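Enquirer: Dumping the structure here so I can ask a few things about it.
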Amino acid sequence: MVNEEMNGAGNLMDFLDEPFPDVSTYEDFHTIDWLREKSRDTDRHRKITSKSKESLWELIKSLLDAWSGWVVMLLIGLLSGTLAGVIDLAVDWMTDLKEGVCLSAFWYSHEQCCWTSNETTFDDRDKCPQWQKWAELMTGHAEGAGAYVLNYFLYILWALLFSFLAVSLVRVFAPYACGSGIPEIKTILSGFIIRGYLGKWTLLIKTVTLVLAVSSGLSLGKEGPLVHVACCCGNLFCSLFSKYSKNEGKRREVLSAAAAAGVSVAFGAPIGGVLFSLEEVSYYFPLKTLWRSFFAALVAAFTLRSINPFGNSRLVLFYVEYHTPWYMAELVPFILLGVFGGLWGTLFIRANIAWCRRRKTTQLGKYPVLEVIAVTGITALLAYPNPYTRRSTSELISELFNDCGALESSQLCDYVNNPNMSRPVDDIPDRPAGPGVYNALWQLTLALIFKIVITIFTFGMKIPSGLFIPSMAVGAIAGRIVGIAVEQMAYHHHDWIIFKNWCRPGADCVTPGLYAMVGAAACLGGVTRMTVSLVVIMFELTGGLEYIVPLMAAAVTSKWVADAFGKEGIYESHILLNGYPYLDVRDEFTHRTLATDVMRPRRNDPPLAVLTQDSTTVEDVETLIKDTDYNGFPVVVSRESERLIGFVQRRDLTLAIKNARQKQDGVVSSSVVYFTEDAPQLPASNPQPLKLRRILNLSPFTVTDHTPMETVVDIFRKLGLRQCLVTRSGRLLGIITKKDVLRHMAQMMNQDPESIMFN
């Protein structure tokens, strides 16, 4: 009789074989279980495939499911391309607004205003009656000390207004919208959960404040934040398809592709974007994601090109046309620029991390608005007098990359012309530098020092701030100065042995713009430690395809030099600073420790919290959940034998019991919870038992207590585990979590093991 009742109860209890809502989702600041997500997706796929043979409607549904990935990529590309175009146009207009306004249409930037004017001459193409500086508009005087002071004052005022708006919006509406976003995205892609980091509010506020922050003239770029914006778009579209919204592993594949689309629109470099996602941000990058990233980057670049924000019908930010090849002897200055890039990268990372740590640990961190306003005020005050720092950083880089043609009006092209020159316009021979060039060199040297110092304090403030453009600016200034020096040496000493073979008098042999380009690549490489993606981004960015070898030489040199002082790039350093649980695939673990040294419980610790397969009551489970904060519990045959059966997640347990109490009669605190196939033999007077086999993972990952930690670290990295159980001959000894592994690695490197803040 008892048996029959029990079997009936067992069938009743099988309601859990129908999945119930919310099981297998994760809590905030927890790590996902990659293996589990992968097996869930395989099950889902198997179910859809078997159903598709039943009817036409199911077949159509299976086709729609297969196509949903490409649809998401299309939507990400369209939205991120559109947002990038809007950001570019808005930044152009608001940067010029600090200096003046267009009378014919106030929404035109300086350049657009003078395009539409009929009175613009080629020599004075920056001057046209429709565009007026603020002093001219208010007082009627365009020149003189009074006008200069008024323009200066208004420039600072606009800058302060923009940055104050940016930091206020971030503080009030979306605290996650600050910074570059790439360190957090790397952490999220490695399987960590930060709820709200890729939310709708973050997307909206980051887009608006990015325009304000870049327009304020601070030493920051929009490239890193655009990757964050694209990932927010990816997350937004994931929620439309259950295939992605219910599986955190699949969602991360989409986010990897979104990161590629972000770089694609930031630089107009679709292939560079895919490589950047692969080399720099992604943790798990299967071949399928590579094709999808390629497609998303293509759509994003195509959308941006349709908007045409630069007005030159080109996708690239700094299009260059050099008319001379490079020579072997020039590899020496290129490699020296690489060394400079590596040294600047090291200096920047160390100084910036020290400043950010100070911000975190002192009173300074309590006043983010004041800090942003102070840095903006100092930047605007020092930037206005120097024409190279007054303009936007993108314009500065563009001018430094440019080759001096016959039609250039820049100070950098003020060379002394030879009156007898009769040559084609685009092949101008090397000439002696005029007073304008020497003047420009002084201003560039001051701009270089200013940029190096101010960027250290700007990156990491509570506003959206990218690092690509400021790093490139530092390198481009240094490169242009070196380029002009080499050019003048070649002109004045063309009989020297190094110049003799390739630089005859009257020939155009040195292109200073190329040195600026190589310097930019070297400095960006020194800070981020990118190599392949960096070179591809640089030649896509400039269209300088034949200069791949100089770019490669500089990128490799800067990485070698920077790596000699420390392996972490700026993003890895910020991950360490913030204590995110990120297991870097590139780190090597060489210590000879065993699993038994790292597992918990240690000696003197209380015993491991476990559940038994058929003798724990609902009340025991609820007490265990209340008294501990572990992510899950091993299930054993009995406390005496400690033979391992499986592992159950804390969240799944909580939801299963809550659900059973709501939907089922007879489940009370004294009901027995069992994880076996058949119900245990219980007296008839006992309340109904609760079967929870459905949520039990029967194949948890286990290692023996003598497994070397080198192997354990490798398993955690390559399989993306949350935890791993330690056994000896089938008996459970302890558990190792991802946090334990990170703590142990920090300890082995003599760092503070408690700096890993999150679970």
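Note that Cβ sites are derived from N, Cα and C of the backbone, with glycine treated the same way.
As annotated in TrEMBL:
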DOMAIN    599-663  domain 'CBS'
DOMAIN    696-754  domain 'CBS'
TRANSMEM  67-91  transmembrane segment
TRANSMEM  152-174  transmembrane segment
TRANSMEM  194-214  transmembrane segment
TRANSMEM  226-242  transmembrane segment
TRANSMEM  254-278  transmembrane segment
TRANSMEM  331-355  transmembrane segment
TRANSMEM  367-384  transmembrane segment
TRANSMEM  440-460  transmembrane segment
TRANSMEM  467-486  transmembrane segment
TRANSMEM  514-539  transmembrane segment
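Would you situate these features in the structure and describe their surroundings?
Expert: Mean predicted confidence for the domain 'CBS' (599-663): the pLDDT average there is 90.
Outside the transmembrane segment (194-214), and at least 6 residues removed from its termini, the chain residues within Cβ reach (under 8 Å) are 28-29, 83, 86-87, 90-91, 94-95, 162-163, 165-167, 169-170, 173-174, 176-177, 181, 184, 187-188, 220-222, 225-226, 228-229, 231-236, 255, 392, 463-465.
For the transmembrane segment (367-384), the list of distant contacts is 152, 155-156, 159-160, 162-164, 166-168, 171, 216-219, 359, 390, 450, 454, 457-458, 461-463: same-chain residues at least six beyond its ends, Cβ to Cβ under 8 Å.
Only residues 6 or more beyond the boundaries of the transmembrane segment (514-539), in the same chain, are considered here, and those with a CB under 8 A from a CB of the stretch are 263, 267, 269, 271-273, 275-276, 278-280, 320, 322, 326, 333-334, 337-338, 340-346, 348-349, 397, 400-401, 467-468, 471-480, 482-483, 486, 545, 547-548, 550-552, 554-559, 561-563, 568-571.
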Enquirer: Mind tallying the domain 'CBS' (599-663) by DSSP state, helix then strand then coil?
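Expert: Looking at the domain 'CBS' (599-663) with DSSP, the answer is 24 helix, 17 strand, 24 coil.
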Enquirer: Taking residues 6+ outside the transmembrane segment (331-355), which of them lie with a CB under 8 Å of any CB in it?
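Expert: Contacts of the transmembrane segment (331-355) (Cβ under 8 Å, skipping residues fewer than 6 from its ends): 452, 455-457, 459-460, 471, 474-475, 478-479, 482-483, 486, 515, 518-519, 521-529, 550, 553-566, 568-570, 573-574, 577.
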Enquirer: What does the DSSP secondary structure composition of the domain 'CBS' (696-754) look like, as residue counts for helix, strand and coil?
Expert: 24 helix, 18 strand, 17 coil
Enquirer: With pairs 6 or more apart in sequence, are the transmembrane segment (254-278) and the transmembrane segment (67-91) linked by at least 3 Cβ pairs under 8 Å?
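Expert: Yes, since the transmembrane segment (254-278) and the transmembrane segment (67-91) share at least 3 Cβ pairs closer than 8 Å, they count as touching.
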Enquirer: Could you tell me what the rest of the chain brings near the transmembrane segment (67-91), counting residues at least six beyond its ends with Cβ under 8 Å?
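Expert: Counting only partners 6 or more residues beyond its ends, the transmembrane segment (67-91) has Cβ contacts under 8 Å with 207, 210-211, 214-215, 222, 226, 229-230, 233-234, 236-238, 240-241, 243-244, 254, 257-258, 261-262, 265-266, 288, 292, 295-304, 306-310, 392.
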Enquirer: Same-chain Cβ contacts of the transmembrane segment (440-460) under 8 Å, 6 or more residues past its ends?
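Expert: Non-local partners: 179-180, 218-220, 344, 347-348, 351-352, 355-356, 359, 375, 378-379, 382-383, 386-389, 396, 410-412, 414, 467, 470-471, 473-474, 477-478, 480-481, 484, 570, 574.
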Enquirer: Give residue numbers and ranges for long-range contacts of the transmembrane segment (226-242): same chain, 6 or more residues beyond its ends, CB-CB under 8 A.
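Expert: Answer is 68, 71-72, 75-76, 79-80, 83-84, 87, 180-182, 184-185, 188, 198-200, 202-203, 206-207, 210, 251, 254-255, 257-259, 261-263, 265-266, 281, 300, 464, 466.
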